[in-house]
Structure formats: C-alpha cells, structure tokens
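Colleague: TrEMBL feature annotations, pasted as is:
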type     : residues : note
COMPBIAS : 67-87    : compositional bias 'Low complexity'
COMPBIAS : 95-135   : compositional bias 'Low complexity'
COMPBIAS : 136-153  : compositional bias 'Basic and acidic residues'
COMPBIAS : 163-182  : compositional bias 'Basic and acidic residues'
COMPBIAS : 190-296  : compositional bias 'Basic and acidic residues'
DOMAIN   : 314-403  : domain 'TonB C-terminal'
REGION   : 59-312   : region 'Disordered'
TRANSMEM : 12-36    : transmembrane segment
Amino acid sequence: MLDLLEKMGEHWRAVVLAVLLHVLVAAFLIFGIQFFHDSASKGNRGRSIIEASVVQASAQSTPASSEPAQKQPQKPDQQQNEQATAEAAKKQAEAQKAAQQKAQQQAAEKAAQQKAAAQQARQEAAQKAAQQAAAEKAKKQAAEQKAKQEAAQKAKQQAAQEQAEKEAAEKAKQEAAAEQARKAAQAKKQAAEKKAREEAKAKKKAAEQKAQQEAEAKKQAAEEKARKQAEAQKKAAAEKARKEAEAKKQAAEEKARKEAEAKKQAAEEKARKEAEAKKKAEAQKQAREAAAKADLQKALAQEAAGRQNAVNQKAMARYVQAIQDKVEGNWIRPPGASNISCKVKVTQLPGGQITNVQLLGSCGSAAIDRSVKQAIYKSDPLPTPPSDNLFQSEIEFTFKPDQ
C-alpha cells in the first residue's frame, strides 16, 4: 500500500490529469443531454405556436353573426402555407434530432478518447513505477556489494594498522632510549654552558660595575666642576648686576640732585625776580601814592575854602562806598566769620585795574584775610570815580559787611 502511495506521489501529475479528463467527460454528457432536451421542447412549442396562430387566424376571419357558422372551403394558398409550415417544423425536428445524435456521438468519442488517455497514463505510471522499483533494487544490491567491499578493506586496513603500531612501538622504544642518552648528554652540555655563562656573566657584571663606578666618578666630577662654574658665573653676574644697579642708582641720584638744584636755582631766580618786581612795583606805587597824595593835598588845600571841597568830599565818599559795595558783593563768607571789620588799602590804575591789595589790620583770621583779598581782586576793575579829578591810585576804606 505504501509503495502504491509513493508511486502515486511520484506520478501525481498524470493521476490529476486523468481525473480531470473524467470530470470533463461527465460534465459534457450531462449538459449535452439537457441541451438536446431543451431544444426538442422548444421545437414542439414552436410548432404549437404556429398551429395556434393558423387556427386563430382562421377563427378571426369568420364573421360574427347570430346565424350558425357555415364551413368555408380552404383556399389553395392557405393550404400551401400550412403544408410549408408543417414541412419546416418537421425538418427542424429532424435537424435537432440529427444534431443531438451527432453531439452524443462526439461525446461518446471524446469519452472514449479520455478513457484511452487515462488508461495510457495509468500504464505509463505503472511502467515508471516498475522501472523505479528495479532501479531501487539495483541500487540496494550495489550498496550491499559496496558495504561488503568496504568491510573487507577495513579489516585489511586494521591488520595493517596493528602491524604498523607494533613496529612504531618498537621504534618508539629505541628512540626513547636514544632520546634518553641524548638528553643526558644535552644536560651535561647545558650544565657546562650554564657554568660558563655564569662565569662570563659574573665577569661582565664586575666589569660593568667598575665601568659604572668610573662613569659615576667622572659624572660627579663633571657635575661638581659645572656647579662651581655655574656658581662662579652666578656670582659674577650678581656682582655685575650689583655694580650696574649701583651705577644706575648713583646716576639717578646725580640726575635727581641736578634736577633739584636746577629747580632750586630756578625757584630762587624766580623769587628774586618776583621780589625785585614787587620792590620795583612798591617803589612805583609809593611814588605814585606820594604824588597822588601831594596832588590831593594840594587840591584840597586849594579847595578847602570853597564849596567845591565839600562836593568833592561827598562825591569821594560815594565813590569809595561804590568800591566797598562791589567788594562786599564779591566776598564769600568763610564758615564761622561774623562781625567782620578791617581797614584795607587798594592800589589801582586810572582804568580801575588793581595792582596791589594791602590789609592795614587783620580781619579776624588768616582765612578771612584771604577771602577779603580775593573779593577785592575779584572786583577788578574797580568802579570809576564821578570825575577824573577824584581818581586816587590808593584807596583806603573799612571793610565791614556786617554793618
């Protein structure tokens, strides 16, 4: 059963084709018979329709009346038509029957062909299965023969291997003895070589230590020499730097001394010139004051007898008051200054330009004295007199801003 299934599995295409052919033949037979039956039914129905039409036409051609119908003889044309219709229906039925017979015959032939094809496919499948079975049998016999040959070959190889192993064991024994002797000689040789190497190594180490000690001594000597040289160079550089710094210091001190001396001389020269200028200005001032005083005294003496003298005095008083008011307006009161009263003398040029300020007494403190002088100089130019004859190069007035 399994062999049959395997064969069917191998020839499944042929089996499927045969089954499909049988199904197609059965379907064709079923549908062909139905077709012929329907065609025959339609042919009879057509004939009935034709006959009914003829009868109905004849009935319609008969006039309706209350009298009994009289039988009319058929015309020749009508008889011919009926005969032709009957002949046509007969021929159609015969044609349908012939077509049905032909279809049945073709279906039978096709079924026979399909059956023959299926039979041939089964035969081919059986033949192929037989060939495959024969091939399998031959293959099995060849495998058995090959297995026997391989077993014989394996036994032969095993015997040869055992002989070879025996010879190899003997050879290994001989080689082991030779190897043992070789190793003993080798060990003796290695011991001698090791001793020679150790002696050479000891000599080399001693030589290296000696060379290292000598090199270390040379290195230390060189380092000591280099250290001393570096120290000497460092000391020389330090001494050089010290001398250079000392020289720079002396040069800077000399330069500073000369500059200070020059500044001192310049200041002294400036002070001398300022003193000379001040002295000269003072002399000029005194000369002008003396001349002005003489002129004023002369004028006063000349006008003492008249009203002009009184007018001049009033005008002079107003003039001095104007100067005093301007100075007091420019004065900045220092902190804590109060009840200020001091006499000042101002020297001026004809245009009112102040050339000198002199306090004839302290105003209370040095700060107040400076503030009063600054206020007077700030009032430059001084107010002009009402007339040129009232101009005085020196004006004295009492500075009393609190009154």
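Heads up, the Cβ atoms here are built off N, Cα and C, so glycines get one too.
Values in this document were obtained by computation on a predicted structure and should not be read as measured data.
Map the listed features onto the structure and describe their local environment.
Modeller: Not one residue of the same chain 6+ positions outside the compositional bias 'Basic and acidic residues' (136-153) places its C-beta atom under 8 angstroms from a C-beta of that stretch.
Long-range contacts of the compositional bias 'Basic and acidic residues' (163-182) within the same chain, counting only residues at least 6 positions beyond its ends with a Cβ under 8 Å from a Cβ of the stretch, are absent.
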Colleague: What is the three-state DSSP composition of the domain 'TonB C-terminal' (314-403), stated as helix, strand and coil residue counts?
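Modeller: Computed counts for the domain 'TonB C-terminal' (314-403) are 33 helix, 19 strand, 38 coil.
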Colleague: Counting each residue once, how many in the compositional bias 'Basic and acidic residues' (163-182) are helix, strand and coil under DSSP?
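Modeller: In the compositional bias 'Basic and acidic residues' (163-182), the DSSP-based counts are 20 helix, 0 strand, 0 coil.
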Colleague: Per DSSP, how many helix, strand and coil residues does the compositional bias 'Basic and acidic residues' (190-296) have?
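Modeller: Final tally across the stretch: 107 helix, 0 strand, 0 coil.
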